[in-house]
Amino acid sequence: MRDLKGIFSALLVSFNEDGTINEKGLRQIIRHNIDKMKVDGLYVGGSTGENFMLSTEEKKEIFRIAKDEAKDQIALIAQVGSVNLKEAVELGKYATELGYDCLSAVTPFYYKFSFPEIKHYYDTIIAETGNNMIVYSIPFLTGVNMGIEQFGELYKNPKVLGVKFTAGDFYLLERLKKAYPNHLIWAGFDEMMLPAASLGVDGAIGSTFNVNGVRARQIFELTKAGKLAEALEIQHVTNDLIEGILANGLYLTIKELLKLEGVDAGYCREPMTSKATEEQLAKAKDLKAKFLS
C-alpha cells in the first residue's frame, strides 16, 4: 500500500462562470500542487472542492481528471461521503477502479444518525468497494461528535486506516493517538498544524495548502524535529495569511491567489458567491504581496 503520510492539499476545483467544471483550470491547480507546492498527495472531492453542491456525474468527472493529471506522481485520496449511501458506494467503486490509493468519507450528516447507522455506512462502503477508508470527522459542520470508544468500534474494521481530524478537541486527538497508535491521523485545521504535529499526527489535509503548502511542510517537519520555536514563527506567518483569507472569503480568495500565480482557478459554484468583488481582488493582491511573494 502507498504511504499516505505527509502533506495533502484538499483540492480546489475550477468552475466556469456557468458553473460547469473547467477541466483546463482544474488540471492547472493539480499541477501547481504537485510542481510548486510539492505536496505528498491530494484529497479529492472534499469540502474545498465544493463537493456537496455537485452531481454524482460531476464528482466522477473530477475524480477522473485528477487521476489522469496526477497519474502516480503523488498519493490520491477520494472523498466519496454522502448522505446518500448508494451514491457513496457508486463513487467509491468508481474511484477504486480509477486507481485511487484510498477512500475517505465524511460522516453522514443532516439527519441525526445513530452510531450503529454511521458504522453501517462505513462498513457498507468498504465492503462494496474493497478499498481502504479514512473517516472524515468534521463535527462543526456535520453535528456528529464521536468519542474514543466509537472510533475504536470503527477501527475494528481492518480497512479503516484512520481519521481526517477536523476538530478543535485536541484532548480527543491525543487520546486517539495514544489508544490507537497504529491508526493514522491527518490534521484538518491548517491554522493548528503545530499543536497537531506535536501530538503525533501523521499528516495534514488542508485547503490553504493549495497556496501555502511549502510552509505547511516546514511547520510539520520542524515540529516533528523538535524545533518548536522555528515552527511557531512559520505558524504565525501562516495564520496571518489564513486570517486574511478567511476574512476575505475562503474559497474565492484562494482561487484569486492561484490566479495571481497564473493558474486558471475559475469561479466558485453557486449558491456560493461565484465571483470576487473588486475589493476582494484587491485584498487577494495584498495578501499575495505580503505572504506569497
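For all residues, glycine too, the Cβ spot is worked out from N, Cα and C.
The structure displayed is predicted, hence computed values, not measured ones.
According to Swiss-Prot, the features are:
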BINDING   Ser47, Thr48, Thr166, Gly188, Asp190, Glu191, Ser207  aceneuramate binding site
ACT_SITE  Tyr136  active site, proton donor
ACT_SITE  Lys164  active site, schiff-base intermediate with substrate
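In this structure, the binding-site residues under consideration are Asp190, Glu191, and the one with the smallest number of other Cβ atoms within 10 Å of its Cβ is Glu191. If you take the C-beta of Gly188 (aceneuramate binding site) and look for same-chain residues 6 or more apart in sequence within under 8 angstroms, you find Ser137, Ile138, Lys164, Phe165, Thr166, Ala167, Ala204, Ile205, Gly206. Between the alpha carbons (Cα) of Asp190 (aceneuramate binding site) and Tyr136 (active site, proton donor) lies a span of roughly 15 Å. The binding residues for aceneuramate are recorded as Ser47, Thr48, Thr166, Gly188, Asp190, Glu191, Ser207; their greatest pairwise CA distance is 17 Å. For Ser47 (aceneuramate binding site), the same-chain residues 6+ apart in sequence whose C-beta sits under 8 angstroms from its C-beta are Ala10, Ile138, Leu141, Ser207. DSSP assigns the residue listed as 'active site, schiff-base intermediate with substrate' to a strand. Around Thr48 (aceneuramate binding site), the same-chain residues six or more apart in sequence whose CB sits under 8 Å from its CB are Ala10, Leu11, Leu12, Ser207, Asn210, Tyr251, listed in sequence order. Other than the site residues Ser47, Thr48, Thr166, Gly188, Asp190, Glu191, Ser207, same-chain residues with C-beta atoms no more than 8 angstroms from the centre of those residues' C-beta atoms, the aceneuramate site, are Ala10, Phe189, Ile205, Gly206, Thr208. Across the structure, Glu191 (aceneuramate binding site) and Tyr136 (active site, proton donor) place their CA atoms 18 angstrom apart.
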